[in-house]
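Undergrad: I have a structure here, written as structure tokens, and I will follow up with some questions on it.
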Amino acid sequence: MSTGTFVVSQPLNYRGGARVEPVDASGTEKAFEPATGRVIATFACSGEKEVNLAVENAKAAFKLWSKKSGLERCQVLLEAARIIKERKDEIATVETINNGKSIFEARLDVDTCWQCLEYYAGLAASMAGEHIQLPGGSFGYTRREPLGVCVGIGAWNYPFQIACWKSAPALACGNAMIFKPSPFTPVSALLLAEIYTKAGAPPGLFNVVQGGAATGQFLCHHREVAKISFTGSVPTGVKIMEMSAKGVKPITLELGGKSPLIIFSDCNMENAVKGALMANFLTQGQVCCNGTRVFVQKEIADKFINEVVKQTQKIKLGDPLLEDTRMGPLINAPHLERVLGFVKLAKEQGATVLCGGEVYVPEDPKLKHGYYMTPCILTNCRDDMTCVKEEIFGPVMSILTFGTEAEVLERANDTTFGLAAGVFTRDIQRAHRVAAELQAGTCYINNYNVSPVELPFGGYKKSGFGRENGRVTIEYYSQLKTVCVEMGDVESAF
């Protein structure tokens, strides 16, 4: 498959173990190929009747799935992981076409997906409660039970990965899931749905409904939905909290960020530069946990800036399906204009553009309508600038300098976000001291933007709550029942 050739020819909803057209609609959406600007799909947004059918299907599957042993669920998840691994190139290609990230990155994303399913397959087979001895031979025990029908609402920057990260722990715990992808990237979640069915999941266990805000509202308000997990923007997260509160539904929110990356003067310079690039330019900078506020100690600022600019200018832009491309297009035209607007405003507020920040037109004529821009480095930034305070969600790195550890910690924590943070230093005591003081859910020491499925991921402050990945996520997709057993006579107060 090559750029400019892919067209969706099948329905994009998945219900009852098959692709289906929605029975009713709340509007239509178009999905684009960011590299070319070409429409690859026009689809109906699921209406209330379609959402109701998806929930009914999921409820029926839940009754079967929740009665299976942990080992039986483990076997299905392991088979799904095997199929994902087997179809890695196909999935990565579809992801690249619909999202715009390089095929190199997309393959790495798919690796984290089968790893996630394998990890939770192992936990499915080992979930257990506790036995508590009580006086007189009586005892109590706990049961970890599934919630029911869970809803996952995904973002467009990691469409397939987010679908896996939300569904794997949900299914491991015995739940069913209805997944709503972003309307910008509706395609790859269908591949996961088909894989689960092929792996032996009951029809309806993982359903996909397409749509925008209205479809999301139908899901959040549905009385049979037990839990919602959302990845996306803070304003949308707030609305989901409000809707979920009316039904007293537990939620997981993974929202935005404006994360600090602190570079101390004693760092390994080569690694720090690599870390800064990883913290800013993966997926064209469209990553919620990116370390876009790069604080560099004054003693090494000039050297660091020179090197990071040199390496940034080497990044290969172009057709995301080519093996040597390392940066593809942004997700769509409005988002490209938004990111370019941040760069323009930064210059107006006094920042200096050392490289990039401009529209890029690849030589290949089929890419001339793609949504490309050159990766941007900003210096002479201040903490009060818009580019330092607001999430840009594009390939824009803002560099600030600092003097002391105490100073940089105060400035790094001066944000309403708290998704991630990073520190580069050779001083191991300082590294752990700084990580302890940073107000963020995930802190990196001498690395950035690595996502082992064994480690929990999630935010502080307005970056959300709850966690993806790691053993703890089991607690967010299950509920604890206490059983108290009396082995003697009842001692009554009456």
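Each Cβ is built from the backbone N, Cα and C atoms, and glycine gets one as well.
Residues or ranges marked as active site, proton acceptor in Swiss-Prot: Glu254. The active site, nucleophile annotation in Swiss-Prot covers Cys288. The NAD(+) binding site annotation in Swiss-Prot covers Lys180, Gly232, Ser233, Val234, Pro235, Thr236, Glu391 and rests on similarity to another entry. Swiss-Prot lists Ser2 with the feature N-acetylserine. Annotation comment: Swiss-Prot describes Lys30, Lys298, Lys303, Lys344 as N6-acetyllysine, evidence class a large-scale study or a structure entry. Residues or ranges marked as N6-succinyllysine by Swiss-Prot on the basis of a large-scale study or a structure entry: Lys30, Lys59, Lys303.
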Undergrad: Need one number for the NAD(+)-binding residues Lys180, Gly232, Ser233, Val234, Pro235, Thr236, Glu391: the maximum pairwise CA distance in Å, whole number please.
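TA: Greatest Cα-Cα span of the listed binding residues: 24 Å.
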Undergrad: Quick one: of the recorded positions Ser2, Lys59, Glu254, Lys303, which has its CA closest to the CA of Pro235 (NAD(+) binding site)?
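TA: Going through Ser2, Lys59, Glu254, Lys303 one by one, the Cα closest to that of Pro235 (NAD(+) binding site) is Glu254.
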Undergrad: When the Cα-Cα distance from Lys303 (N6-succinyllysine) is computed for each of the recorded positions Lys180, Val234, Glu254, Glu391, which gives the smallest value?
TA: Glu391
Undergrad: Among the modified residues Lys30, Lys59, Lys298, whose Cα is within 10 A of the Cα of Gly232 (NAD(+) binding site)?
TA: none
Undergrad: Closest of the recorded positions to Ser233 (NAD(+) binding site), Cα to Cα, picking from Glu254, Lys298, Lys344?
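TA: Result: the closest of the recorded positions to Ser233 (NAD(+) binding site) is Glu254.
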Undergrad: Which entry in the list of recorded positions, Glu254, Glu391, has its Cβ near the fewest other Cβ atoms, using 10 Å as the limit?
TA: Glu391
Undergrad: To the nearest whole angstrom, state the Cα distance for the pair Lys30 (N6-acetyllysine) and the residue listed as 'N-acetylserine'.
TA: 20
Undergrad: Given Lys298 (N6-acetyllysine) and Cys288 (active site, nucleophile), what distance in Å do their CA atoms have, once rounded to a whole number?
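TA: Between the Cα atoms of Lys298 (N6-acetyllysine) and Cys288 (active site, nucleophile), the distance comes to 27 Å.
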Undergrad: Going by Cα-Cα distance, which of the recorded positions (Ser2, Lys59, Glu254, Cys288, Lys344) sits nearest to Val234 (NAD(+) binding site)?
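TA: Nearest by Cα distance to Val234 (NAD(+) binding site): Glu254.
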Undergrad: Between the recorded positions Glu254, Cys288, Glu391, which lies closest to Ser2 (N-acetylserine), Cα to Cα?
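TA: So, spelling it out, the nearest of the recorded positions is Cys288.
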Undergrad: Let's check the environment of Ser233 (NAD(+) binding site): how many other CB atoms sit within 10 Å of its CB?
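TA: Total other Cβ atoms inside 10 Å, all chains included: 15.
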Undergrad: Counting across all protein chains present, how many other Cβ atoms fall within 10 Å of the Cβ of Val234 (NAD(+) binding site)?
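TA: Cβ-Cβ neighbours of Val234 (NAD(+) binding site) within 10 Å number 18.
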Undergrad: If you measure Glu391 (NAD(+) binding site) to Lys59 (N6-succinyllysine) at Cα, how many Å is it?
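TA: It is 38 Å, counting Cα to Cα.
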Undergrad: Just give me the nearest neighbour of Cys288 (active site, nucleophile) among the recorded positions Lys59, Lys180, Thr236, Glu254, Lys344, Cα to Cα.
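TA: In terms of Cα distance, Cys288 (active site, nucleophile) lies closest to Glu254.
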Undergrad: If I take the Cα of the residue listed as 'active site, proton acceptor' as reference, which of the recorded positions Lys59, Lys180, Thr236 has the closest Cα?
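TA: Looking at Cα distances from the residue listed as 'active site, proton acceptor', the smallest one goes to Thr236.
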